[in-house]
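S.K.: So that we are looking at the same thing, I have put the structure below in structure tokens.
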Amino acid sequence: MTTLTKIQVYPQVLEHRLFFRDPIRVGSRLTCRERSNRVYVHRCEKKVERKRKVEKFKGNGSWDSLKSGFLGFSKLGFLSKDEYNQKVENLEMVFSSVAVQIARYIVTMTSTGAILLIGFQLSGGDSSMNSLVWYSWLGGIIIGTMTGANMVLEDHYRAGPRNVVITGSTRGLGKALAREFLLSGDRVIVTSRSSESVDMTVKELEQNLKEIMSNASESARKKLSDAKVVGIACDVCKPEDVEKLSNFAVKELGSINIWINNAGTNKGFRPLLEFTEEDITQIVSTNLIGSILCTRGAMDVMSRQHSGGHIFNMDGAGSGGSSTPLTAVYGSTKCGLRQFHGSIVKESQKTNVGLHTASPGMVLTELLLSGSSIKNKQMFNIICELPETVARTLVPRMRVVKGSGKAVNYLTPPRILLAIVTSWLRRGRWFDDQGRALYAAEADRLRNWAENRTRLSLTDAMEMYTENTWVSVFSLSVVCAFIILQSTTPSSFPGT
């Protein structure tokens, strides 16, 4: 039918049908139906629906009023119900993110403002001291903001699921790392010598993922939608098994972003003469030769990838070259692995493959506890942690690592200092005076694992503050200490 004319009719005024005897074409926002020589023009249902959606948010507080205003000036009202709900959810996430950032900077200004007032009070009105306080505050804000911005950019740059391979990941720390990567939305391959152990671990991790997703919010489920876990049996001491693992990873995941050489073994705490030849061979083969073979296999795959990748070798007792009595063989493998790591980092400088170390510290695993004495276990109460705790700290740092030659450590100086200061309170934390375990088995711990993930630790609470808060508070505290020392004269001390 030929278009004779175009008309514009506002749907709000169409309380009754309008009839046109001449053939016409009506705008796309009107619903039309032609019968012989007539066109029936109805009210635009989409615009009516849009108006209804906007009205729904009115009168329900400032938050809903803000959404109402946004909807009124947008085209969200013309979307389908599902599209509309998705857009509104995204809008709420944006508003929430903005509100969080505003709250963080309010905390920054409040925290540093309190220190600022203390500094002015201590300066006694001295203009030079006041200037020093101001410059210290401003410098802290600038440096902290730059640091925070860099961290945000790094996190944004590395956003999205990773493809991760973890050797020795059917128990202990390896399984905890696999679980943490999986629940970060990543695709994970677990390995072990035993195919039965691999199958059991895959089923267990899949069940963990289902339980988390069943109770997660819509945004969390979207984040976990790409998560996947598969497994394959692999003896890292055998080159053919390592090659099979790398080929399997490429087939299942398409590429490898992170490869963690976690497979390791120890045969207890005892003098060298009590180790059998088989014990020595197995320790050296697994800890040193296995890590070298896996590093070579991972580098071969990653060097052919446009995005490259990152390889982590696990540090342990003896990595720094210190003596390790009663674990001489284990310590020598870790020391040798550190030498290998330093060499391979220099070899790969012109490639897109990053080589790093990860140090979990002392973790309550079978590897650590094998052959340990009661005295050892009393020490473990102070500095040891559960695998889940360590994995929760290491994985976020592994996911955003850049460059090469980085060290991702759990036992940082602040954590060591905190452990020493609170050592009295940590007595009997994991073992009693007789060396009997007081902590729950892994299966029991994981029943409440999802709930425990949401609880804030001291370090988690510290990380909620922006970087410029900590830098500013530190710099201002140093200035305040300087002012106090400057204002203290020798005559203030008795006997001088």
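From the backbone N, Cα and C atoms, a Cβ is placed for every residue, glycine too.
For reference, Swiss-Prot lists these features for the protein:
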TRANSIT   1-43  transit peptide
TRANSMEM  105-125  transmembrane segment
TRANSMEM  132-152  transmembrane segment
BINDING   166-190  NAD(+) binding site
COILED    195-224  coiled coil
ACT_SITE  Y330  active site, proton acceptor
TRANSMEM  470-490  transmembrane segment
S.K.: Mean pLDDT over the coiled coil (195-224): what is the value?
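M.R.: Over the coiled coil (195-224), the predicted model scores a mean pLDDT of 88.
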S.K.: Do you know offhand how many angstrom separate L182 (NAD(+) binding site) and Y330 (active site, proton acceptor) by C-alpha?
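M.R.: Rounded to the nearest whole number, the Cα-Cα distance is 30 Å.
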S.K.: Could you round the CA separation between I166 (NAD(+) binding site) and Y330 (active site, proton acceptor) to a whole angstrom and send it over?
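M.R.: So the alpha carbons of I166 (NAD(+) binding site) and Y330 (active site, proton acceptor) sit roughly 20 Å from each other.
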S.K.: Look up D186 (NAD(+) binding site) in the DSSP assignment and reduce it to helix, strand or coil.
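M.R.: The three-state answer is coil.
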S.K.: Out of T170, G174, A178, D186, point to the one nearest Y330 (active site, proton acceptor) in space (Cα versus Cα); all of them are binding-site residues in the record.
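M.R.: Smallest Cα separation from Y330 (active site, proton acceptor) among T170, G174, A178, D186: G174.
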S.K.: Counting other Cβ atoms within 10 Å, pick out the least crowded of the binding-site residues A178, L182, V190.
M.R.: L182
S.K.: Within 10 Å of the Cβ of I166 (NAD(+) binding site), how many other Cβ atoms are there?
M.R.: 25
